[in-house]
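According to TrEMBL, the protein carries these features:
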- 1-16: signal peptide (SIGNAL)
- 47-81: coiled coil (COILED)
- 129-385: domain 'Olfactomedin-like' (DOMAIN)
- Cys130-Cys312: disulfide bond (DISULFID)
Amino acid sequence: MRGLVVLFTLACFATAQHQALIDYLERRLLAIEDRISLWHEQTTRYASELRELKQQMVSQLENLDKEKEALRMNLDGVGTRVDRVERELDYLETQNGAQPCVDVDDKLIEQQVTLVKEKQKAQYLKLSDCSDMISSIKAMKILKRVGGQKGMWTKDTSRASGKVYIFNGTDEDTIHEFATIQDFTRSQGMSLSNNLKLPSAWKGTGHVVYKNNVYYINQGEEITVVKYDTRNNSVTDSAVFPVQDHVPVYGLTPETVMDLAVDEEGLWAIYATRQNERHISLAKMDTSSLDIEQMWDTNCPRENAEAAFVICGTLYVAYNTKQPGRSRVQCVFDVNGMVTNEEAPLVYFPKRYGSHSSLKYNPQEQLLYAWDDGYQILYKLIMKKKLEI
């Protein structure tokens, strides 16, 4: 009996210990669950805070990108304005004719000469696939006679415009603009024209009109190319031509110190200097910045030259012959080297009144606009591919 009591006592003690262990484990599990719940809540809160932080950072980065773009645009605008101010200062200096008060550095002159020579030696990069060349002159049409003995007339060489511009004389400041060539032909004198007064006088007959901009030559102590917007009647740019010791480019048109031309490739400058005064030189210009892209010394003589023009990167120079009222193209210079002067055909102009004071090529119409002793003449050209000639 006593043994049973002992066993029962031991069993009760074991049960109590077991129950205490279970209670302890349950408390531990509850504590762990509480901690897990707390960790979950903290993790959820941290994740939410991280998402909010990420959204804030993304928004701030977007704002920074916008501010960066605005700053870049502002810097570009400042750079453009600085370039324009520099060009305006250069233009004002040429107008004021101020004498330099310091000696020019010999090294700077050598650098400029070296730069010009490099531009003369560089290979020309064509801007179009044009390879046309004059074969002959098909016809001549005399439109009318208006103005003085020397001058220049042309149509805006861009495709979108049909306006006609009259530059009467070699040292004036008022251009006569006609809406169409029909208005010009039926006008009594300049009665149907719109007068555009330039801020400075042009020099010679070497001017062009391209995409509603007049490019004209102004001569002070230096030669300046001026770009004038006909839509808002203001000068949009100007540049001093970076060559010293200019001489008249044509022997028979001494008023023209530089002749500008437009073809399928863009804007060209035809000029001459004392360093190479027996021959004509050629330069390719940028229509936007008026920078010189490349320069060439040609073998075309100035003597007896009347005028010149450019077609597909080829310079054509017209010379007066011994017969009165007759001239011909007898010097051709191709910047791409596809045709030599010896290979090019001789192109004769029909007999007319005097001599050309200007010849302006229109690449859209393949016409030459000529000024001859006050007569405004159109020449219809017959073209061939250079390789065919």
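Yeah, the Cβs are placed from backbone N, Cα and C, and that goes for glycine too.
Values in this document were obtained by computation on a predicted structure and should not be read as measured data.
Shown are the disulfide-bonded residues Cys130, Cys312; of these, the residue with the fewest other Cβ atoms within 10 Å is Cys130. Here the coiled coil (47-81) has a mean pLDDT of 82 out of 100.
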